[in-house]
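Colleague: One structure is given below, represented as structure tokens, and several questions about it will come after.
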Amino acid sequence: MSAKKRKEAPMPATAAGLLRFFEDESTGVKVRPEIVLGASAALIVAVLILRALFPI
Amino acid sequence: MSEKSSTRTFLEKISKILPEIKKPGRKVGLGEKLVWTALALIIYTWMGHTILYGLPQGTQVGQSPALLNVVFAQKTGTLITLGIGPIVTAGLILQLLVGAELIKLDLSKPEDRGLFTSMSKLLAIVIALFQSAAYVYAGFFGPTNATQNIAIFIQLVAATILIMLLDELVQKGWGLGSGISLFIVAGVAEEIFVALFSPIILPDQAYQGIILASIQAIFTGNLPSILVRQGGYPDLVGLFSTIFLVLALIYIEAIRVEIPISYAKFQGYRAKYPVKLLYVSNVPIIFATTVFSNIFYLGSLIWSRFNPNNDNIFLNLIGTYRFDEQLGTVVSTGGLAYYVIGPRGIASVLQDPVRAVVHAALLIVFAVLFAKFWVQVSGLAPEKVAEQLIQAGMQVPGFRRSPEVIAAVIGKYIGTVTILGGLLIGLVASVADYVAVFGSGIGILLTIGILQQYYQLLIRERISEMYPGLGKLLGRE
């Protein structure tokens, strides 16, 4: 019963207090999640290598 | 009017080149969701342990200038120096502008919602550019040369864009819940773990981790020495306060007023509409913290550019700062920037009780104000709730079925819990730090709230996985 009620009076989708509307497809450049994870890992590795080999 | 619409076309053009995570376009299983979520989390944590290239040798990492970094999942000196700060700040600013109707966006329209998302991303990048520049200019990392500054700047901006996408990845159907919440919890969890078990020996000759320090103290028979420790180090008072706070918050989280409602069509179908004491949850404290941390950072920028010797009377009102060699970063010593950051630990409270009182007052006032604001903006207002209930064919027994009447009935409770909840959260967040709670008061507050959301989310996912039909009934549109 309580579950039914929740459906009918939904809380807005919030994360850490932010209104987010990711359910809508917008028009930006589409990136696959693998690419983001890969790029992040690449950034980390690049920073590590630069720190080790070319300290400034 | 035409000027406004040209701004809009401009923004729509920009939104076409902003990177965005591809939607799964298929049903992602719970197991796969957990994997994506874990990967995003691992990458974020790894970023938090990657020291920036170009940081001067010997700069200490992870020491916060302020205790505000919990909310933004930041770690000074690493790739997540800015953390989710730009994202949250951008979202907050846009929400304020839309809420105050300074930006005309109708968030019930999909195309306006899309534009809102693009605009907050754009603004987040702009803020990241600004903050990164501010960090290097204000000398947050100590004396750096031009090459180092540029390197740090590029890394911070790149990291922010990637963090933004990581968050979107989790939120857009690949992962579970929200990336932002996840990163906050991970940061707090790490801090609590360190406070409990860290084997590092601190300047007071005791282990950093309170468990190890306790064992050590029992053997040397010097237990009182770790009851209260200087400098906000983990101590026994902090340990017991943390345990107490966690239990208290779980209890408070469950406090609610239940308003009986029933179906207008079917007699006998009765339900309850719960109005929680923490109706507005953690939102006000996040807003307040965002404002405070920006005062701190903008103040430090003004200080380093125009008032490095702290001798301008007017600028001193904003904040006086100094570079702390031991911490390797800038700390505030006076003015508004001093009071937006609370003292940590009983020892520091006793050093300057006025600061503790002023900080608590500031936090509580802002928390209540933002709580009231948030209720209006986010569709939690009594009028909106009444509308939803009536649309769902519900009524409050004994009252007429008109939005105004129901809003008045519910509003009585919502008005009270909004102020009370804001007050309570502000109080907990400030006072918890005075007793040096592990992971900071705000951190624990956020963590309890977020973990509970995740718990409910996981249950719902499990159910919808096992019984797809039932899952549809349980709150998934």
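Every residue, even glycine, has its Cβ placed from backbone N, Cα and C.
According to TrEMBL:
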| type | residues | note |
| --- | --- | --- |
| TRANSMEM | B:34-56 | transmembrane segment |
| TRANSMEM | B:76-98 | transmembrane segment |
| TRANSMEM | B:119-138 | transmembrane segment |
| TRANSMEM | B:150-170 | transmembrane segment |
| TRANSMEM | B:182-202 | transmembrane segment |
| TRANSMEM | B:236-256 | transmembrane segment |
| TRANSMEM | B:277-298 | transmembrane segment |
| TRANSMEM | B:356-375 | transmembrane segment |
| TRANSMEM | B:405-428 | transmembrane segment |
| TRANSMEM | B:434-455 | transmembrane segment |
Colleague: Suppose I define contact as three or more CB-CB distances under 8 A, residues 6 or more apart in sequence; do the transmembrane segment (B:119-138) and the transmembrane segment (B:182-202) meet it?
Modeller: no
Colleague: Can you find at least 3 Cβ pairs under 8 Å between the transmembrane segment (B:434-455) and the transmembrane segment (B:76-98), where each pair is 6 or more residues apart in sequence?
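Modeller: No, these stretches are not in contact.
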Colleague: Give the nonlocal contacts of the transmembrane segment (B:182-202) in its own chain as ranges (CB under 8 Å, at least six residues past its ends).
Modeller: 37, 40-41, 44-45, 48, 69-75, 83-84, 163, 167, 170, 175, 208-212, 231, 233-234, 238-239, 242, 438-440, 443-444, 446-447, 450-451
Colleague: With Cβ-Cβ distances below 8 Å as the criterion, list the same-chain residues six or more beyond the ends of the transmembrane segment (B:34-56) that contact it, or say none.
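Modeller: Residues 28, 73, 75, 77-81, 141-144, 147-149, 151-152, 155-156, 159, 163, 166-167, 169-170, 174-177, 179, 182-183, 186-187, 190 contact the transmembrane segment (B:34-56) from elsewhere in the chain.
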Colleague: Test the contact criterion for the transmembrane segment (B:76-98) and the transmembrane segment (B:405-428): 3 or more CB pairs under 8 Å, pairs 6 or more apart in sequence, then answer yes or no.
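Modeller: Between the transmembrane segment (B:76-98) and the transmembrane segment (B:405-428), contact is absent.
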